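*Asks:* Once you've had a glance at the structure underneath, I'll fire off some questions.
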Amino acid sequence: MFTGIVETTGTVVETSDDEGGRRLRIEVNGTGSTAAAASGGAQSAPDSGTEPEPGADTDSDTVADSASAADPEAEVAYDDLHHGQSIAVNGVCLTVEAFRTDPSPQFEVFLASETVEKTYLGEIGAGDRVNLERALAADGRFDGHLVQGHVDTTTEVTEIERVGDDWFFEFALPPAVAQYVVGKGSVTLDGISLTVADRGTERFTVAIIPTTYDVTTLSEKSVGDPVHLEVDVVAKYVEQMVAGYRDAIEGA
């Protein structure tokens with residue numbers, strides 16, 4: 001399970017087709033804690049409305065400086081990865097098959113044929129940057145929202161607009177998941193927990209603050225680019241339970 005708070009990014013080093021799927025080798029950009037702090041605070045604070053912790057530095061210039069340094073200069077500890085661990089790569093839950101720290105932190109994951117078909121990870125190549133988040137530890141802070149890493153569909157960027165220091169990204173709203181996307185609700189886009197700022201019949205918009213823009217791969221997105229979309233799993237559970245209750249009443 002994840003929270004949609006991107007810890008750092010990685011760079012694809014090598015790809016290969018293997019056993020009906022695809023294998024990726026990814027180098028981690030950063031090896032300490034600053035990026036995690038910057039990305040966690042930046043991506044979650046505007047949506048949760050939580051107040052800064054006592055003694056926290058709330059100066060906007062300092063936050064911005066931390067964000068720009070977070071990737072790749074700031075550090076996120078990935079030296080404890082091991083075989084079998086789950087890791088979200090652009091929002092897709094994958095299993096670490098191999099990991100090394102020398103000469104740089106790198107790990108390998110395998111994409112099953114279904115993952116290749118239903119995500120765009122089968123299209124990325126060496127040099128492409130991806131968002132990374134390790135599975136939530138039992139004693140970790142839940143800064144985003146409940147994210148499974150089970151991508152529902154792939155959508156695309158339809159418009160990007162900068163307003164002051166913020167960015168507004170508009171995405172196509174796939175009909176198959178439209179009922180789960182609501183205004184002020186949570187969605188996961190390429191592994192990033194975001195709040196829906198506006199929802200139309202065919203499009204929805206999210207607002208991106210500078211730190212999230214700088215720390216994640218959103219800064220590299222253009223109109224027409226694909227993005228993984230995972231809707232709030234709670235909404236799907238509620239729908240299924242209500243449907244079962246309704247069927248029971250109608251059948252009584």
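The backbone N, Cα and C atoms fix where each Cβ goes, glycine too.
In case it helps, TrEMBL gives these features for our protein:
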{"type": "COMPBIAS", "residues": "1-14", "note": "compositional bias 'Low complexity'"}
{"type": "COMPBIAS", "residues": "30-45", "note": "compositional bias 'Low complexity'"}
{"type": "DOMAIN", "residues": "1-145", "note": "domain 'Lumazine-binding'"}
{"type": "DOMAIN", "residues": "146-242", "note": "domain 'Lumazine-binding'"}
{"type": "REGION", "residues": "1-73", "note": "region 'Disordered'"}
{"type": "REPEAT", "residues": "1-145", "note": "repeat 'Lumazine-binding'"}
{"type": "REPEAT", "residues": "146-242", "note": "repeat 'Lumazine-binding'"}
*Asks:* Need one number: mean pLDDT over the repeat 'Lumazine-binding' (1-145).
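*Replies:* Residues in the repeat 'Lumazine-binding' (1-145) carry a mean pLDDT of 76 in this prediction.
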*Asks:* Can you break down the compositional bias 'Low complexity' (1-14) into helix, strand and coil residue counts using DSSP?
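*Replies:* Going through the compositional bias 'Low complexity' (1-14) residue by residue, I get 0 helix, 8 strand, 6 coil.
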*Asks:* When the domain 'Lumazine-binding' (146-242) is classified with DSSP, how many of its residues are helical, how many are strand and how many are coil?
*Replies:* 26 helix, 43 strand, 28 coil
